[in-house]
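Student: There's a structure below that I have some questions on.
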Amino acid sequence: MNVRITNQTSPYIRKDTSTKRMMVDVLIALVPVVVFAIYKSGMSALTRLIVSVLLSVLFEATYILLFKRVEGKSFLDKVKKRWETYTINNITAPAVTGLILGLLLPDKISFYVIVIASFFAIFVAKMFFGGLGNNLLNPAAFGRLFAGFALTALFATSAYSAIDAVSGATALSLEFPKVLETYSLLDMIIGNIPGAMGEINSIAILIGGVYLLIRRSADYRPILSATLAFLALLIPAAFIIQENYWLEFIVYHIFSGGLLFGLFFMVTDPVTSPITRPGRWIYGMIIGVLVFLIRVFGAYPEGVAIALLIGNILVPLIDYPKWATNKYTKKFYIGYGVSLAVVVISTILVLGGWVI
């Protein structure tokens, strides 16, 4: 799908057919990830993914039937008119959110957590702001983080530590390079490591991601920009922090945790990302830098969801009409390059001083 980007207010998804096609493409792209999750975890994964999808669809339908603003003489008359506005997009869109949310959770998580996460993802992060095309924050990331912060004890009883309730129990939780004594680099790539259902098999994620790019249902700009920014910081940091295991350190951070899943299935969300092409490069750079900083300097081993939500919050600033443009000007190239260089140099200096 070749989406024409226009510098206007939300909602940004214009056509029903375009929205349906994009949602269906995302569902298809997630098939390899879902298949691996079920292969590895069996019915526990399948049931939780189904429940997450059904709850998300149900919560959106409930919100529309009870709270959508329509004219009517009675409550039943309003409900009838609200039902008439219900479309296929009100099924496919929350289904995508529910599936992504489920894949961000562990396979043994309590169903109570799924209920709470789904409610806050749909009711609060999405419908409260006006529904499809109007939400400021990525619903799946918001629901996942809220559940992690609010229901830490339930994550802990699901073989998650308290800190992992927020960040995700991944190989990133283990001290490097001791993690290499338990998991090989191949284990990290093929998914033979701990983690949320959707983030552990990099091959499955890449297959789905490539499909989205081929179908043009995902913009390559934020993916590439976030990746370049992350690697621009990670590579020099690897030589400074882990001189003897620098290559393993790089592979470890790329293929462990939710980086790849977040890049292909969350950062590319057209609703919560900038509407201009240069803006999406800036948006991706911000997320890539934040993920690195959270992982290296933060209290949590993972940082994708937190970085994504911070990036979402900054989108209105990136899209501010006075400087938002679809043209790649000389000022943009200079500003982008200088900003990235400053961050890289500053990080190297900080890490160098820290190691010394």
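Cβ coordinates are placed from backbone N, Cα and C, and glycine is handled just like the others.
In case it helps, TrEMBL gives these features for our protein:
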TRANSMEM  21-39  transmembrane segment
TRANSMEM  45-66  transmembrane segment
TRANSMEM  87-105  transmembrane segment
TRANSMEM  111-129  transmembrane segment
TRANSMEM  141-163  transmembrane segment
TRANSMEM  183-214  transmembrane segment
TRANSMEM  223-241  transmembrane segment
TRANSMEM  247-268  transmembrane segment
TRANSMEM  280-297  transmembrane segment
TRANSMEM  303-320  transmembrane segment
TRANSMEM  332-355  transmembrane segment
Student: Given the transmembrane segment (21-39), which of the listed stretches 45-66, 87-105, 111-129, 247-268, 280-297 has the most Cβ pairs that are under 8 Å apart from it?
Tutor: 87-105
Student: What else in the chain is close to the transmembrane segment (87-105), if you only count residues 6 or more beyond its ends and a Cβ gap under 8 Å?
Tutor: 16, 19-20, 23-24, 26-27, 30, 33-34, 37, 48-49, 51-57, 59-61, 64, 113-114, 117-118, 121-122, 126, 132, 139-141, 143-144, 147, 168, 196-199, 258, 261, 265-266, 305
Student: Hey, which of 45-66, 111-129, 303-320 has the most Cβ-Cβ pairs under 8 Å against the transmembrane segment (247-268)?
Tutor: 303-320
